[in-house]
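Trainee: These came from TrEMBL, pasted as-is:
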type	residues	note
TRANSMEM	44-66	transmembrane segment
TRANSMEM	78-102	transmembrane segment
TRANSMEM	122-142	transmembrane segment
TRANSMEM	154-175	transmembrane segment
TRANSMEM	181-202	transmembrane segment
TRANSMEM	246-270	transmembrane segment
TRANSMEM	306-324	transmembrane segment
TRANSMEM	336-356	transmembrane segment
TRANSMEM	368-390	transmembrane segment
TRANSMEM	396-414	transmembrane segment
TRANSMEM	434-451	transmembrane segment
TRANSMEM	457-475	transmembrane segment
Amino acid sequence: MGVIERQGIKSSFIQYVGVILGALSTLFIYPYDYAAYGLAQTCLDFVTFMAPLATFGATHLALRFFPHFRKTKDNDNGYLGVLLLITFATLAVSAAIAFSLGGYGASILDWLGFDLSLFATYQYPLALFVVVHALILLFDNYTRNYNRIAIQSVFTGILPKLGLPMLILLLYFQYINQNEFVWGLLGLYTLALLGLIAYAWRVTAFDLKVNYKILQPGLRKEMATYASYTTFGAMGAILATQMDSLMITTLINIESTGVYKVIAFMAIVIEVPARSIRAISSPIIAEAWKQQDLEKISNIYDRSSAVLGFVGTSLFVIIAINLRDIVGWTPNPTEILANLSVFYILGFVRLIDLYTGINSHLITFSDYFRFNMVAIFILAALNLSFNYIFIVHLEWGLIGVASSTLISIFLYNLTKYLFILFKMKMQPFSIETLKIIALGLIAFSISWVPVETGFSLVNVGIRTLLAVVVLLLGLKWWNVCPEIYSALNKHALQAVNVLRRRGK
């Protein structure tokens with residue numbers, strides 16, 4: 001996993017810089033105006049949902065069919081040109097369909113009790129935002145084919161983390177109005193897109209001249225079939241796992257969306273390492289499936305589960321044992337403290353995703369990719385139904401939304417796990433998995449040890465230090481995740497050598 005490890009470490013570092021920036025904003029800026037943060041997250045989740053639908057899966061073609069087009073390092077036969085042609089053509093068709101039939105769908109949702117006034121108010125910037133987001137996905141995926149994921153994280157991770165709190169402060173202090181805020185959000189992501197295009201120009205073939213000889217009828221049919229299935233698969237995945245903010249905004253209120261997203265951010269931190277591993281693994285798995293290298297695929301599946309499971313468990317434990325102190329640092333903690341159970345529910349959601357490794361990628365890049373569509377849409381229907389029942393009929397509020405997400409993710413990953421087990425004869429769990437879970441429980445148990453110094457920051461530091469010591473001892477004594485232990489030893493020795501040289 002040399003390439004995966006190198007790019008993963010670089011990307012994780014950049015993403016964790018983004019996480020730190022996001023954490024500072026989440027703790028000290030966003031709670032000033034939950035409504036503004038809720039508006040931003042609603043817009044982002046809306047375009048995340050619409051982009052796969054509007055492009056009919058064109059952005060997903062970037063990874064899957066790159067091996068068919070690549071000739072040499074600097075020649076991919078105009079693959080980027082193919083992707084752009086498909087993307088803009090599908091966006092045009094989607095715009096025509098939305099213009100003709102969008103009103104009927106809105107009427108149905110209005111009849112069910114959904115408040116769509118926000119989307120009507122900002123329909124034009126949101127439409128442009130969908131186009132920008134689709135192109136961001138396309139260029140991000142395209143550059144991954146060249147085993148590059150680190151720099152993209154600057155544009156997709158760091159830039160929004162810097163820009164969004166600035167926009168919220170401008171809105172909070174009334175330097176801009178809500179309409180200008182939404183347009184500013186669009187401008188922020190347009191800058192990210194321009195950065196990705198410039199980076200792709202530098203590190204990829206960036207050939208827009210299409211070699212149509214490669215696009216034989218058989219390949220065109222295969223691409224169309226794959227795009228159609230992945231379109232519905234991506235939509236279903238979002239419906240099953242990421243519709244929370246849209247449901248809260250339209251069924252409760254936008255302030256509650258802001259509160260929920262602040263809590264959800266604390267849980268999302270747990271999953272950051274997975275993004276890098278999954279991103280750089282995607283083209284490698286696609287190539288391995290083409291070569292039918294099942295041993296390589298199985299090894300990535302197994303080790304990703306163990307490594308991501310350990311890192312995710314460690315982060316969950318550290319955040320959970322310090323949660324009340326951390327929330328106490330925010331300028332408006334009352335709403336968050338009233339919904340702390342939402343964090344624990346969403347934390348378990350992230351851990352389920354991490355322990356099941358890269359299961360979606362194994363299916364998506366295999367000949368069984370059609371299975372994703374069926375499984376995901378069943379789970380999407382369950383998630384929407386549970387959300388509607390928990391919010392409207394049972395009035396569980398934010399706990400209901402989190403519970404719906406937990407049920408959906410559990411069923412979704414269980415289905416994929418069983419499918420991979422019986423169809424591909426692969427599974428990621430072992431005795432090592434049980435050791436990691438036990439180690440997490442032991443580390444979490446220190447939260448029952450009273451640590452009260454009178455200073456919140458000191459309390460957090462002591463608890464965190466105790467948890468880290470337990471986790472590191474477990475790595476060594478139980479022989480858990482040797483990759484992580486080896487990497488830590490390597491970096492520790494490098495640090496010691498640097499200090500020795502400076503001492504001389």
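Yeah, the Cβs are placed from backbone N, Cα and C, and that goes for glycine too.
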Trainee: Looking at the transmembrane segment (246-270) and the transmembrane segment (336-356), are there 3+ C-beta pairs under 8 A, with each pair at least 6 apart in sequence?
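Mentor: Between the transmembrane segment (246-270) and the transmembrane segment (336-356), contact is present.
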Trainee: Can at least 3 Cβ pairs under 8 A be found between the transmembrane segment (181-202) and the transmembrane segment (122-142), with each pair 6 or more apart in sequence?
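Mentor: Counting Cβ pairs under 8 Å (6 or more apart in sequence), the transmembrane segment (181-202) reaches the transmembrane segment (122-142), since there are 3 or more.
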Trainee: Against the transmembrane segment (368-390), which of these stretches has the most C-beta pairs under 8 Å: 44-66, 154-175, 336-356, 396-414, 457-475?
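Mentor: Stretch with maximum Cβ contacts: 396-414.
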Trainee: Could you give the residue numbers and ranges of same-chain residues that sit at least 6 residues beyond the transmembrane segment (336-356) on either side and whose C-beta is under 8 angstroms from one of its C-beta atoms?
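Mentor: Counting only partners 6 or more residues beyond its ends, the transmembrane segment (336-356) has Cβ contacts under 8 Å with 31, 259-260, 262-264, 266-268, 270-271, 274, 305, 308-309, 311-313, 316, 319-320, 323-324, 327, 330, 397-399, 401-403, 405-406, 409-410, 413, 416-417, 428-429, 433.
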Trainee: Taking residues 6+ outside the transmembrane segment (434-451), which of them lie with a CB under 8 Å of any CB in it?
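Mentor: The answer is 306, 309-310, 313-314, 316-317, 320-321, 459, 462-463, 466-467, 470-471, 474, 478, 480-481.
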Trainee: Let me spell it out: take the transmembrane segment (306-324), skip the flanking residues so only those 6+ beyond its ends count, and list any with a Cβ under 8 Å from a Cβ in it.
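Mentor: Non-local partners: 266, 269-271, 273-274, 277, 337, 340, 343-344, 347, 350-351, 354-355, 357, 428, 430, 432-433, 436-437, 439-440, 443-444, 446-447, 459-460, 463-464, 467-468, 471, 475, 480-481, 483-484.
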Trainee: Honestly, do the transmembrane segment (122-142) and the transmembrane segment (396-414) touch, with at least three Cβ pairs under 8 Å and pairs 6 or more apart in sequence?
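Mentor: Answer no, regions not in contact.
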Trainee: Using a Cβ cut-off under 8 Å, which residues of the same chain at least 6 positions beyond either end of the transmembrane segment (457-475) come close to it?
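Mentor: Here the qualifying positions are 310, 314, 317-318, 321-322, 325-326, 435, 439, 442-444, 446-447, 449, 451, 481, 484-485, 488.
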